[in-house]
């Protein structure tokens, strides 16, 4: 609530063990990238809300746009999260694990519970009621869109168990391929698919890449071909065949972010990107409420305007909610921060 040539100059031993890297300044264009990616998350969650409610209609470009964006936008958050793992591990394994429990696992569990309770209270207004039985599962498999934080926490744990990058890269490649070989639940397909993006972020960090999006024209062609073939053939979004397109989309996103980072719109997107975690966590609630209101007061409003209004409500009210929680000094207990401004572990 989030993520890669991506170029890297080789370093001795980087493929085997996470090396201690010197502290590096925050990369402004990564915050801009997060800002772009979280806006895409909000917009296409808004679209999918109408789609699941059966009110999206037909004959628009939204299905193609949805497929295109989902190839790379969540993958970007996994790359961005993996990128900071080597630096986080420098604090020691215990400190690293406590930090990930507080900033990734705790918000996933807490907000899964909150969303499920609200979902059941407002069951007559939601698209997909979430059953209360088996509530304990959220400890391991967070509900709804919090699957992302659950997967991210698992990947963080893996890096704490062993820092052997070659092992995790091989594991990620095999897992990614299994999606196309064996039928599996969506939860496990996500874990198998996104692991390769997370470990790519770790490798890029170890090799001290600045992730500038170099080679974006070629990446744009690869992304376009992936979208065309994948959408035409109905390829699953978690298929290994889409991984090249995922990396290509990330390269294009990084190039765009870097090109606008020094401009006003870039600074605004960077500001949003630094708040991507609370936006990711909170945006569904105001969006669901605004969608219900729109369906009642303006049922004939065209889909584009409905998506715009619902997306804006999700973004604005998430930021307002975050500001209130920060003012009350409740960021840590709510899982939205550490008591001050912080960027998302993900997103």
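A Cβ is built for glycine as well, from the same backbone N, Cα and C atoms used for every other residue.
TrEMBL lists transmembrane segment for one of the ranges 213-231, 270-288, namely 213-231. Between the stretches 6-25, 306-325, TrEMBL puts its transmembrane segment entry on 306-325. When averaged over the domain 'Acyltransferase 3' (30-320), pLDDT in the model lands at 91.
The transmembrane segment (138-158) makes contact with the transmembrane segment (188-206), as judged by at least three Cβ pairs under 8 Å among residues 6 or more apart in sequence. At the 8 Å Cβ threshold, with sequence separation of at least 6, the transmembrane segment (213-231) lacks contact with the transmembrane segment (188-206), having fewer than 3 such pairs. When Cβ-Cβ distances under 8 Å to the transmembrane segment (67-85) are tallied for each of 27-47, 165-182, 237-256, 306-325, the top count falls to 237-256.
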